[in-house]
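Annotated features, as they stand in TrEMBL:
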type	residues	note
ACT_SITE	ASP152	active site, proton donor/acceptor
BINDING	ASN14, GLU385	Mg(2+) binding site
BINDING	LYS21, HIS212, LEU213, GLY214, ASN215, GLY216, ASP287, CYS288, ARG289, GLY334, ILE335, GLY336, GLU337, ASN338	ATP binding site
BINDING	ARG95	substrate binding site
SITE	HIS184	site 'Transition state stabilizer'
SITE	ARG245	site 'Transition state stabilizer'
Amino acid sequence: MSLNETSQKIIAINAGSSSLKFQLFSMPDEVSLCQGLVERIGLADAIFTMKFNGQKVSKTISIANHQQAVDMLLTSLIEYRIVADLKEIQGVGHRVAHGGEYFPDSAIINDDTIEKITRLSDLAPLHNPVNLTGIHAFKQALPDAKAVAVFDTSFHQTMAKPDYIYPIPYEYYRKHGIRRYGFHGTSHKYVANHYAEMIGKPIADLNLITCHLGNGSSICAIKGGESVHTSMGFTPLAGVMMGTRCGDIDPSILPFLAEKESLTLSQLNEMMNSRSGFLGVSELSHDCRDIQQASKTNQQAKLALDMFVERVRAYVGQYLVKLGRVDAILFTGGIGENSTDIRESVCCSLEPLGIFVDVNKNRSKSTIFSTQESSISLAVIETNEELMIAKDVMRVSL
Ligand code: AMP
């Protein structure tokens, strides 16, 4: 039986190094049955949280590894009568960080898929091995369910070569696959498609700029539903400045600092990934809400905020040029969805380009917050990567 014939239960999984997020859907009606999170996996005081039917359960227990986390979540689905039998779960969608050039689309998980995801661990050492742990744990627990890998990189495989090759010796692309891959693909794709559905136009007819602004941020230029450029690169460190990540900087800062501060490569990597961005500039916090609050009195927090807005604007400007005609600029992610001030700062300065913000609509959290006169629509779309993963399980396993 194909998955599409009747209503099916599909679970979307996002495994991190010490966490496992999940959401169970009834598909194709797209109803969320429950969602939850296992945190601090590997510790005696791991935390399991699950929300369903307006209820919330939370337990602190010892969870040694991802297999135990998966077993615990499946047991809880039965215990709280979300499913009567685990066989009801016919599909599992796994978020996988890096699909390299192997996966321009989501893929059914088989030995070949697993072998390729393993091979790509070199490019995403912190993520792909953990994603594989989740895949193996579910294979063990639900051997009959269809398993699908949904890659953060797939959506951006439509970029043209001049947009993804770096101007360094070409042999490093050939030998090591060094190129722009882009990330957050599931979110950019979801938001773009959701907007097209919302306004009742085919995605193929739309040119969009999607701004996923959160702890990690990336911007994407989408032409007719296909990514043509995105701000993240070989890794999710590139592009706009983020919570703790620096985004684009002059690469020669690294050898300079290595010498002056006697930093090793791994210390430099840690500096750029964990001690930069909002945190590095403000010397206060990585969290945008904290920075916004502090910016009223603290100059460095204000500087961090101004830099963030400026860097988002720079990409929006670049993508307006890249796309030529743009129908809408879409905002998503924790900052994009919630910070009216940042949306306003980014968009108000675009007035010379005929882009006009309706300040009242923006502040009253209206989905579309541009004026009637604006040549380009501005909209806030709540991202839903888990639903996109569940939809891909249905599509790919037909
Ligand atoms: P995410 O990684 O998408 O979960 O986004 C997390 C970021 O969103 C954090 O920096 C939060 O401070 C930020 N955020 C959430 N709510 C707001 C808000 N109301 N105003 C500004 N930033 C927010």
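Every residue gets a Cβ built from N, Cα and C, even glycine.
Features as recorded by TrEMBL, highlighted on the structure.
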{"residue": "ASN14", "record": "Mg(2+) binding site", "contacts (Cβ under 8 Å, 6+ apart)": "LEU20, LYS21, PHE22, ARG95, GLU385, GLU386"}
{"residue": "ASP152", "record": "active site, proton donor/acceptor", "contacts (Cβ under 8 Å, 6+ apart)": "ARG95, VAL96, ALA97, HIS98, GLY99, PHE183, HIS184, GLY185, THR186"}
{"residue": "LEU213", "record": "ATP binding site", "contacts (Cβ under 8 Å, 6+ apart)": "VAL240, VAL312, PHE331, THR332, GLY333, GLY334, ILE335, GLY336, SER339, ILE342"}
{"residue": "ASN215", "record": "ATP binding site", "contacts (Cβ under 8 Å, 6+ apart)": "MET242, GLY243, THR244, HIS286, GLY334"}
{"residue": "ARG245", "record": "site 'Transition state stabilizer'", "contacts (Cβ under 8 Å, 6+ apart)": "GLY216, PRO236, LEU237, MET272, ASN273, SER276, GLY277"}
{"residue": "ASP287", "record": "ATP binding site", "contacts (Cβ under 8 Å, 6+ apart)": "GLY243, PHE278"}
{"residue": "GLU337", "record": "ATP binding site", "contacts (Cβ under 8 Å, 6+ apart)": "PHE331, VAL380, ILE381, GLU382, THR383"}
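Other Cβ atoms within 10 Å of the Cβ of GLU385 (Mg(2+) binding site), summed over all protein chains shown, number 24.
Less than 6 Å separates the Cβ from ligand 1 in the case of none of the recorded positions HIS184, LEU213, ARG245, GLU337, GLU385. Mapped onto three states, the DSSP output places the residue listed as 'active site, proton donor/acceptor' in coil. DSSP gives GLU337 (ATP binding site) a helix state.
Classification of HIS184 (site 'Transition state stabilizer') by DSSP places it in coil, neither helical nor stranded. Pairwise Cα distances among LYS21, HIS212, LEU213, GLY214, ASN215, GLY216, ASP287, CYS288, ARG289, GLY334, ILE335, GLY336, GLU337, ASN338, which the record gives as the binders of ATP, peak at 23 Å. Listed recorded positions: LYS21, ARG95, HIS184, ARG289; maximum Cβ neighbour count within 10 Å falls on HIS184. For the recorded site, ASP287 (ATP binding site), the DSSP three-state label reads coil. The secondary structure of ASN215 (ATP binding site), as reduced to three states from DSSP, is coil rather than helix or strand.
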